[in-house]
Structures are given as C-alpha cells and as structure tokens.
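**Q** First the structure, then my questions, so here it is.
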C-alpha cells in the first residue's frame with residue numbers, strides 16, 4: 001500500500017504546482033517572457049511549490065485522525081495513536097526491528113458506564129501492511145497457497161488501499177482547483193471590463209475631436225452663416241408685442257365661436273331663467289376626481305338655457321374640484337333595494353331654488369299623482385293594501401289621488417324599516433300583476449304624463465288552518481302566511497317540466513361513503529352544510545365551495561338529538577332532519593342554536609329495528625323546490641289494503657305541520673327505488689342507487705295528481721349514491737356518491 005500512496009503523493013507534488021503555475025501565467029493580459037518575469041514572481045512560485053507538501057499534509061491530516069465512538073451517558077472518549085514510520089517498515093523487513101517499532105492505540109475515557117472504541121484505517125496505523133500483503137501475493141505461486149487464503153489476502157489488500165481516503169483527497173484537490181479557476185476568471189473579467197472602458201473613452205475622445213474638426217471646417221468654409229442667423233434672431237425678437245397680440249386675437253376668436261354656437265340653441269321659458277345653481281352642481285358632480293366615485297342612478301332633465309348662462313365656462317373650471325358642490329342626484333346608498341315585491345323611489349332634498357324649483361315641484365307633484373296613489377297604503381278598511389315605508393330622506397310632497405278614500409303621502413324616514421306585507425286569509429279579486437319596475441324606471445315614468453297602473457300582489461289562500469308566516473331573513477323579505485308555501489317570488493318561477501339531467505360534475509371528495517351536503521336556497525351567501533355518514537349529531541358548515549374543497553370548515557353545530565339517514569335539508573336558516581330511531585322530525589335554528597319546532601309523524605311506517613347498513617334511501621326525506629318545503633315518508637294506505645305507500649306532503653316550515661289538502665299518496669313502494677327529489681311540485685324517483693347507468697323511472701305531479709314513467713337517464717358515476725337534493729336557487733341537483741360530492745344540471749323543456 002505504501003508504494004501506491006507514494007506514487008499518488010509524488011504525482012500530486014509534481015503536477016499540481018506546474019498546473020497552478022500555468023494557470024497563473026495564462027491569467028495575465030499579456031503572457032510574459034522568461035526575461036520579463038520579475039524576481040518577486042519567481043520567489044512566489046517557488047514558495048508555492050515548496051509548500052505543496054504542507055498543503056497535502058493539511059488535506060490528509062483531518063482524514064488520518066482516528067475517530068472515537070462512545071456509548072453511554074456523560075461519556076467522553078479520546079484516542080491517542082502512535083503509528084509506525086517508513087523507516088520502521090524497512091527495519092522490520094530487514095529483520096532488525098526495535099522495541100518501539102510497533103503502533104499503539106490508547107483509549108482515554110471519562111464518565112460512568114462509558115464505552116469507547118477507536119476506528120482508523122489500516123493505512124493510517126501500519127504502512128507496512130500494504131508491502132507485506134503485496135509480498136505474500138507474489139509468493140503465493142511458489143508456496144501453493146489455497147484459494148481461500150488468496151481471497152483473504154486480496155480482501156485485506158483491497159481494504160488496505162483505503163479508497164475512501166483517496167476519494168476524500170481527490171475531492172478536496174478538485175475543490176481547490178475550482179477556486180483557482182474562479183479567481184482567474186474573475187481577474188480576466190475585470191481586465192476585460194477595464195479594456196472596454198478604455199476603448200469607450202478612446203472612441204468618445206476621437207468622436208469629439210472629429211466633431212471639432214468638422215465644425216472648424218464648416219466655420220472656415222462658410223463664415224457668413226453665423227451673421228445671417230444673428231440677423232434672423234434679431235428680426236424675430238424686434239417686436240415683443242407681436243406674441244401678446246396673437247394670443248389676444250385667439251381668445252377673441254374663441255369667444256366669438258362660443259357665442260355663435262350658443263345663439264343657434266332655442267331660448268328657454270321665462271320662468272326657467274334664474275335656475276343656475278342646480279345645473280352647475282350637477283355638472284360639477286361629474287367632474288369629481290376618481291378617488292371619490294359616484295354611482296348615478298337617476299337623471300333629471302331640464303330645458304335649454306339662454307346663451308348668457310352658457311358663457312360661464314371659466315367659473316365652472318375654477319370650481320371644478322371644489323368641495324362646495326351640492327348633490328342633487330340619486331346615489332347607490334340612497335336607493336331602495338328591489339326585493340321583487342315592492343317598488344319605491346327616493347330622492348335627496350334639493351337645494352333652495354327660486355322660481356324654477358317651485359314650478360318643477362308643482363309639475364312633478366301633478367304628474368306623479370297617479371303613480372303615488374298606486375303604491376300600497378296602510379288602511380284599516382282594506383287590509384289587502386300593504387304598508388310600505390320609504391327609505392332615506394325623500395321629497396316631501398303630497399300627491400292628489402283620484403280616489404279620495406285612498407290618499408298617499410310619502411313621509412321621510414331616517415332608517416330602513418323592514419318591509420312587511422299584510423294579506424287576508426280569503427282570496428279577493430285583484431288585477432293581474434305587471435312586471436316589477438326598477439327605481440329609475442319608476443322615476444322616469446313619474447316625470448311623464450302617462451300614469452302607471454297600480455301594482456297588487458295576488459296570493460293563493462290555503463284555508464283557515466294556514467300557519468303563521470316565516471321570520472324575516474337577510475336574504476329574503478318577510479312573506480305573508482299565504483305566501484310562505486309559495487316562494488317562487490323569491491327564487492323564481494318554474495320554467496316547465498323536467499326535460500334532461502346532465503352528467504355529474506365532481507366538486508369534491510370528502511368524508512365517508514354515505515353522507516349529505518346541501519345549501520340554503522334562501523340564503524344570500526354560498527355556505528355549504530355537510531353531514532358525514534348516515535348517523536350522527538354534528539353538522540359542519542363551510543363558507544363556500546372553495547373552502548369546502550380545501551377542507552377548511554368555518555362552523556360546527558352539535559345537535560341536541562342525533563339524525564339518521566341522508567334526507568336532511570337546510571332551509572331558511574334552519575336544519576330539518578329526522579331524529580334517529582323515532583317518528584319525530586326536528587327543525588333546528590342554526591342562528592340561535594336551539595330546537596325551533598318539533599313534530600311527530602303518526603302515520604309513518606317506521607321500522608323499529610333499523611339495520612346498521614344503508615338501505616338505498618332514507619325512510620324520512622326532506623326536499624325543497626320552488627314551492628317550499630316537502631316531506632317524503634312511507635305510510636300505511638288506509639284507503640286500500642293497508643299496504644305501505646310513499647307519501648308526499650307539503651310541510652309548513654314554521655311549525656312542521658301538514659295538511660290533508662296538500663298531502664298525496666303516490667304509487668311508489670319502499671325498497672323499490674333509490675333516491676327521490678322534488679322539482680316544481682313534481683316528485684321524481686331514481687330506480688337504483690348502486691348502478692352506474694340508472695333511470696328516473698317515476699314521476700308524480702302534484703298539480704294534476706298524475707303519475708308517469710319519464711325514463712330519464714341518471715348516471716351514478718361512482719355507483720353508490722346516498723343523497724340527491726334539488727336546490728331551486730342555482731337549479732342544481734346535489735348528490736353524495738360514494739364519498740364524492742357531485743352536482744347535476746337540470747334542463748327544463750320550454
């Protein structure tokens with residue numbers, strides 16, 4: 001082993017200095033000759049060559065150190081090694097060894113229960129080991145050694161080569177060479193940059209000299225150019241009043257053009273002459289900076305002004321960005337929000353006007369009388385008229401109604417009260433309801449002579465047993481008891497019968513194989529509610545679909561009673577579900593977190609011992625459509641042969657009561673269908689929940705009391721659908737299919 005090591009060290013000592021010296025020489029801008037090399041550079045190269053042995057010793061020193069390995073707590077180990085020298089190997093080979101020609105390893109330990117071990121490569125301890133093994137291999141042929149002995153010797157020689165040490169030394173040498181190359185490249189880059197700068201300076205100086213020479217030649221060849229230019233300049237500045245006179249003529253021409261333009265407009269009426277400020281303020285409002293935007297919802301039109309009023313252009317430009325501009329237009333915060341039932345118009349009180357304001361106000365009152373009288377007014381004699389409160393500061397005018405018994409007065413209101421509508425329980429004849437009118441359209445109609453017919457709301461009565469109306473929510477206006485079973489004014493009317501259901505769109509993968517996810521159709525936000533599994537007592541809320549995909553829930557509701565099945569719904573801020581193992585249905589208020597209503601289904605055919613497995617559908621299933629809340633459950637047919645039938649009943653969302661007039665017994669049978677849902681008062685049932693290509697094989701129309709077999713294709717993409725619910729707000733079917741949350745688009749036939 002000693003000979004290969006000596007060869008490697010000798011090669012490194014010879015090659016590396018020559019390589020380094022060649023690199024250093026090539027790094028200069030001009031290669032020096034032998035005579036031009038300074039004595040200082042020769043001394044530096046010689047010192048570097050002499051120090052190569054020290055550098056290699058430093059490279060090998062940290063590797064040749066013996067490593068100490070310790071075991072135990074509070075243990076400190078130290079290894080002291082005394083290796084053999086090269087002369088010791090020679091004495092051992094010559095047979096004249098001494099007592100000190102042995103390497104020793106001493107272990108120094110400190111600490112309780114401490115175990116130390118010293119690890120070192122053989123070449124670091126006994127440099128004679130390589131020579132000894134090489135000699136043995138050479139004598140193997142003459143001594144007829146066994147193959148196993150040769151293998152042992154080869155293995156020892158292989159380990160004695162100490163390839164790890166060679167690799168470490170090579171890596172460090174390569175690192176040093178890389179550093180040298182990096183430094184040389186930096187020096188070359190700096191020198192190149194310096195050369196470029198010198199070249200730029202030389203080029204700039206040459207250009208300057210060339211221009212100076214050219215200018216001198218031009219001046220020499222054309223001596224009269226400078227004098228001619230001086231004469232022209234003197235002529236141009238000889239009359240200083242010329243520029244002022246030109247500007248004055250331009251201003252006069254602009255004034256003449258503006259006067260001619262204004263004279264072409266027709267003159268206005270005499271009573272409109274003094275109205276100047278409102279027009280200026282409206283124009284100034286349009287010129288506000290972009291940092292204070294104003295949304296204009298209404299425009300007041302005035303007749304043309306005389307030419308004298310239009311000449312005040314400079315005054316308008318001076319006040320263009322002033323803060324004294326009055327606001328006489330409708331802005332977004334003052335508008336009454338259109339909820340689909342009522343229409344109102346509000347205006348800010350105008351500034352004090354003279355002459356013209358009185359005429360316009362009287363004319364506006366005279367023209368808006370039919371329109372104002374059409375608004376519903378509070379009256380004890382006719383309870384079908386609705387009480388409507390205006391919003392924001394309004395124009396205090398009293399309109400003259402054609403009917404003296406119904407007088408309409410618009411009063412200012414500082415706050416926005418809740419809009420309520422009162423109706424009678426019995427139907428009364430009413431005119432057909434025209435389409436809703438926006439505030440801007442109503443204002444424009446009020447300024448014309450054509451009156452708008454009165455708007456009335458027609459509702460259907462359910463009889464004397466109609467329950468109380470729902471509470472108001474931020475997402476929908478308060479409805480009367482007759483209108484609580486028909487929310488088409490809030491969500492939208494049905495377009496027609498169901499035509500097609502598109503393929504499923506996977507929105508998320510969440511939870512277990514069974515579960516339900518739903519949205520509140522009457523909510524203003526996009527919150528998603530999830531019940532994981534078909535039994536439990538926790539309802540999880542997500543802020544929107546994106547948070548649901550990320551698994552970031554925003555709220556959790558611990559229900560006082562457990563639910564069973566997947567037929568729950570969230571409707572008008574409440575969670576409706578079937579209490580586990582009972583005939584009870586519960587309405588849980590999500591905002592107040594309490595049980596708002598409780599009811600028992602006396603005729604439900606409930607299985608007392610429900611097996612702990614999914615049967616393909618829920619025994620009690622809630623549904624929501626454009627008409628409100630529905631309940632689907634199995635019951636015994638009292639009129640027939642006491643068979644179980646599926647009952648569809650319109651459910652009162654306030655107290656969970658049902659009525660016989662709105663309860664239908666369908667032709668469905670339990671355990672013969674998968675999932676069902678209601679769209680526009682029609683019950684649809686899917687024939688299978690665990691087949692990929694299923695069909696909507698049953699439909700019952702509550703409007704005509706007829707049932708058909710539509711045979712519409714319904715795809716269970718993951719072949720395990722445990723919930724299908726219709727949302728009338730976005731007209732989508734929400735389904736839970738084997739742990740995947742999917743949606744279906746509903747297409748209607750026109």
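Cβ coordinates are placed from backbone N, Cα and C, and glycine is handled just like the others.
These numbers come from a predicted model, not from an experiment.
The annotation coiled coil is assigned in Swiss-Prot to 40-68, 179-213 on the grounds of sequence analysis. Per Swiss-Prot, the feature compositional bias 'Polar residues' maps to 354-384, 393-413. Per Swiss-Prot, the feature compositional bias 'Low complexity' maps to 416-430. Residues or ranges marked as disulfide bond in Swiss-Prot: 494-680. Taken from Swiss-Prot, the feature domain 'Olfactomedin-like' applies to 493-750, supported by sequence analysis. The N-linked glycosylation site feature in Swiss-Prot is assigned to 187, 213, 695. The feature region 'Disordered' is assigned by Swiss-Prot to 346-437, 452-484. The signal peptide annotation in Swiss-Prot covers 1-22.
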**Q** Starting from each candidate's C-beta and looking 10 angstroms out, tell me which of the glycosylation sites 187, 695 has the most other C-beta atoms.
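**A** Counting Cβ neighbours within 10 Å, the top one is 695.
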**Q** Could you tell me the mean pLDDT the prediction assigns to the coiled coil (179-213)?
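**A** Reported value for the coiled coil (179-213) is a mean pLDDT of 85.
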**Q** Could you tell me the C-alpha distance between residue 187 (N-linked glycosylation site) and residue 695 (N-linked glycosylation site) in angstrom, no decimals?
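**A** The Cα atom of residue 187 (N-linked glycosylation site) is 81 Å away from the Cα atom of residue 695 (N-linked glycosylation site).
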**Q** Please report the distance from the Cα of residue 494 (disulfide bond) to the Cα of residue 695 (N-linked glycosylation site), rounded to the nearest angstrom.
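**A** A Cα-Cα distance of 23 Å.
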**Q** Roughly how many Å separate the Cα of residue 680 (disulfide bond) from that of residue 695 (N-linked glycosylation site), to the nearest whole number?
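**A** About 19 Å separates the two Cα atoms.
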